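Colleague: Pasting a structure here, questions to come.
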């Protein structure tokens, strides 16, 4: 009992640990919702080049997860710990690179390389923060109950981080009206077309400076929060070397462990199901700002609609936690994720209506909460099933989590690149006050028809997932007997 009391974490320590999860979610949410519209309408890049930046950045982000995990495993202990130095030293460089993503350089040639390089640098540095932070759970206490409690604090703060990222970026940028240019067809019908075009361009350039400044102010605020959270984490949490002592007698190499994990059927089926449902919500996230601005015509309201989605998701996570414990996780997947389908269809079919859009946003947030919570709730069940099938193989937990993140990020990069390329083929007009009907149709497909199809495909794949509630209870009992 004395030893357990020494291992018990204070509420302050748990809160300090939880705060460390906010930077990844705040920056990720701001980039996910706003980077595409920023590259197209503020930096004024060609949609083809914007698609390359989005794809390569996400793909590189996916590759860095297992790379950083491998290098961390080779890191020696210091007086600050083994993980904390990665968090401390990556923070200032991550903040600088994040700020430079939202900066428009004066030169026109080389802008694509500017955004591509700093986007990839930031993704690398934020991975150097988040991977050791995720692994820190195993180094704060030897007590499983204390780790679970700290993780619950962390998930709460991470969900609040998504709301904070949406609110800060959206409200600061939303205060400034981004200028737009009337289509050339409309200008050509006027008598003094050249003079009118020159007048519009002069006005637009001045106003666009305000929009660019707003994006940089938002980046500065988020960067300040990033540094503050990193300081609280490093001061309030102590990394304990003795907490990481493994019970395995003979550790298996990384590549042997990877081969075992990838041959585990339940893991592959779970990844396949969540891959398609996650892609559906990522497509919605990446294109929603453009859809609200051009297809629905809510140019000055989209930041509030995004905030409604994230607030709804935050408030309904406890509901889904109760639902999955009461009715089972597979049932929660079918009910939670499929509930988005009628509302996604409604927003594309019905005429533009602000009240209906807010209702759809709140309903979509309920499904977003289920999609956010369920993968992290079901992955431990797969790991338990793996341990029963391979009782002599230990220490593969990081592989399960890191490669789920890897596949999700990589495929989301592919989907975002393809979606931006689709807008280019449809004739997207950079900074246009309105878009051709082909672009509006493409946006409807990207936020409605394609996500609905991906969700249905993911739910069909979940039929193959073998771990239901009965199987999960049997595995739990068998593991207790094995221990």
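Just so you know, glycine gets a Cβ as well, placed from its N, Cα and C.
For reference, TrEMBL lists these features for the protein:
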type: TRANSMEM; residues: 15-36; note: transmembrane segment
type: TRANSMEM; residues: 83-104; note: transmembrane segment
type: TRANSMEM; residues: 116-140; note: transmembrane segment
type: TRANSMEM; residues: 214-237; note: transmembrane segment
type: TRANSMEM; residues: 266-284; note: transmembrane segment
type: TRANSMEM; residues: 304-324; note: transmembrane segment
type: TRANSMEM; residues: 331-349; note: transmembrane segment
type: TRANSMEM; residues: 355-377; note: transmembrane segment
type: TRANSMEM; residues: 398-421; note: transmembrane segment
type: TRANSMEM; residues: 441-465; note: transmembrane segment
Colleague: Output the single range from 15-36, 214-237, 304-324, 331-349, 355-377 maximising the number of Cβ pairs under 8 Å to the transmembrane segment (441-465).
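Modeller: Maximum Cβ contact count belongs to 331-349.
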Colleague: With Cβ-Cβ distances below 8 Å as the criterion, list the same-chain residues six or more beyond the ends of the transmembrane segment (266-284) that contact it, or say none.
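Modeller: That would be 32, 333, 337, 340, 344, 364, 367-368, 371, 374-375, 378-379, 382, 385-386, 400, 403-404, 407-408, 411-412, 415-416, 419, 446-447, 450-452, 454-455, 457-459, 461-462, 464-467.
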Colleague: Can you tell me which parts of the same chain pack against the transmembrane segment (398-421), counting only residues 6+ beyond its ends and a CB-CB cutoff under 8 A?
Modeller: 36, 40, 47-48, 50-52, 54-59, 61-63, 65-66, 69, 131, 134-135, 254, 257-258, 261-262, 267, 271, 274-275, 278-279, 282-283, 286-287, 375, 379, 382-383, 386, 446
Colleague: Any chance you could find the range in 83-104, 116-140, 304-324 with the most Cβ pairs under 8 Å to the transmembrane segment (15-36)?
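Modeller: Most contacts with the transmembrane segment (15-36): 116-140.
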Colleague: Is the transmembrane segment (304-324) packed against any residues at least 6 beyond its ends, judged by a Cβ distance under 8 Å, and which are they?
Modeller: 29, 33, 155, 159-160, 162-163, 166-167, 170-171, 174, 288-289, 292, 298, 331-332, 335-336, 357-358, 361-366, 368-370, 372-374, 377
